[in-house]
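Novice: This structure is in structure tokens; I'll ask about it shortly.
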Amino acid sequence: MKYMRHFLDFYHHKNTSEIMLLVFCAAVPGICTEIYYFGFGVLFQILLSVFFSVSFEFLVKRLRKQTVKSLFSDNSAAVTGVLIGISLPSLSPWWLSFFGAFFSIVIAKQIYGGLGNNIFNPAMTGYSILLVSFPILMTNWSFQNSSYFNLFDLNNTFSVIFCTDINHYYSLIDEFQMMYKFITQATPLEQIRTHVLDFNNKIDNIFEFVNYNYYFKNWKWISINISFLIGGIVLLGFNVICWRIPVSILFSLYVFFALDYYFFKKSMYYPIMQLFFGSTMFSVFFIATDPVTTSITKIGRIVFGCIVGFLIWLIRSFGNYPDAIAFSILLSNSIVPLIDHYTQPRVYGYVKKK
């Protein structure tokens, strides 16, 4: 007799360590692209976040008198650190990685019982707390005009990240920008939103600004998103993630902004822009697809993705956080039990009454 695989078994036929390793490998194209544009600070942030995440995981397991063997066998803490490091601006001070790892591992993961028991995505929990607590530090991204890096650049990056005095930190940032022609800026969505909210701008000037930013000025963000899209396709190819979540998020996000742009004329952004700016592709493929914090049913995952897409549109259009992805995912995580309750498949062996 031929047996069919269950939906959940199909996407969990690999062990946790293999899944985490594939997630890291799939993120490599995006990481390399960020290093190309943002400098070696990206690598520092990832290494720091991994170190702090693994350290906090080790300490909590020791305090709870649990075996630390799983710490090095499932690699979940290390991957959480990688995701936090990718989310942080490249020249962020080292203590942002420290606090991000603390809130992600200790608060969002271990307090709920560890791997497999957390309600909210750990990496996005830590990131969201940092974003609310330190909005200026978390929204300054430094592009380097030159793609050539040498040891002197590495040393200066190190001195900025590990600076202990916040005033000296900002002075080093200014000096670093002048010396290496760095451009410190907010993300494109934040820039455009600020320009739109400037009521002194006429509507034609706003559209001109949006078009210029989309086609010419911020192609670097587009290439970063494309790199993470490639990594997401790799994860889909190896059946590490389910296609229903990323497809439903991207589809619903595009539909809501297309309606807003073409029919209601309320949005100043091209709908396709929403898919390739900010952390959209990174979050859609590497954050929202976390199997622990998403729905376990086929229909539920589609519903979950559509809710995430709707919340992204809602917050980007009417909220104060233009990227909005972290908050959208966390809010959607909170209603996953409700989604699962109403999307449960029919029990095996149950015969529908005629």
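Yeah, the Cβs are placed from backbone N, Cα and C, and that goes for glycine too.
Feature table excerpt (Swiss-Prot):
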TRANSMEM  19-39  transmembrane segment
TRANSMEM  40-60  transmembrane segment
TRANSMEM  77-99  transmembrane segment
TRANSMEM  119-139  transmembrane segment
MOD_RES   Thr187  FMN phosphoryl threonine
TRANSMEM  221-241  transmembrane segment
TRANSMEM  245-265  transmembrane segment
TRANSMEM  268-288  transmembrane segment
TRANSMEM  295-315  transmembrane segment
TRANSMEM  319-339  transmembrane segment
Novice: Out of 77-99, 221-241, 245-265, 268-288, 319-339, which stretch touches the transmembrane segment (40-60) the most, going by CB pairs under 8 Å?
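Specialist: That would be 77-99.
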Novice: Taking the transmembrane segment (245-265) as the first stretch and the transmembrane segment (119-139) as the second, find out whether 3 or more Cβ pairs fall under 8 Å, excluding pairs closer than 6 in sequence.
Specialist: no
Novice: Are there residues at least 6 beyond the ends of the transmembrane segment (268-288) whose Cβ is under 8 Å from a Cβ of it, and what are they?
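Specialist: For the transmembrane segment (268-288), the sequence-distant neighbours (Cβ-Cβ under 8 Å, at least 6 residues beyond its ends) are 23, 26-27, 30, 83, 86-87, 121, 123-124, 187-189, 192, 196, 206-207, 210, 214, 218, 221-222, 224-226, 228-229, 231-232, 235, 241, 245-246, 249-250, 253-254, 257-258, 260-262, 294, 304-305, 308, 312-313, 316, 322-323, 325-326, 329, 332.
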Novice: Near the transmembrane segment (19-39), which residues from the same chain, at least 6 beyond its ends, have a CB less than 8 A from one of its CBs?
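Specialist: Result: 46, 74-76, 78-79, 82-83, 86, 89-91, 141-144, 147, 149, 153, 157, 182, 220, 223-224, 227-228, 230-232, 234-235, 238, 240, 281-282, 285-286.
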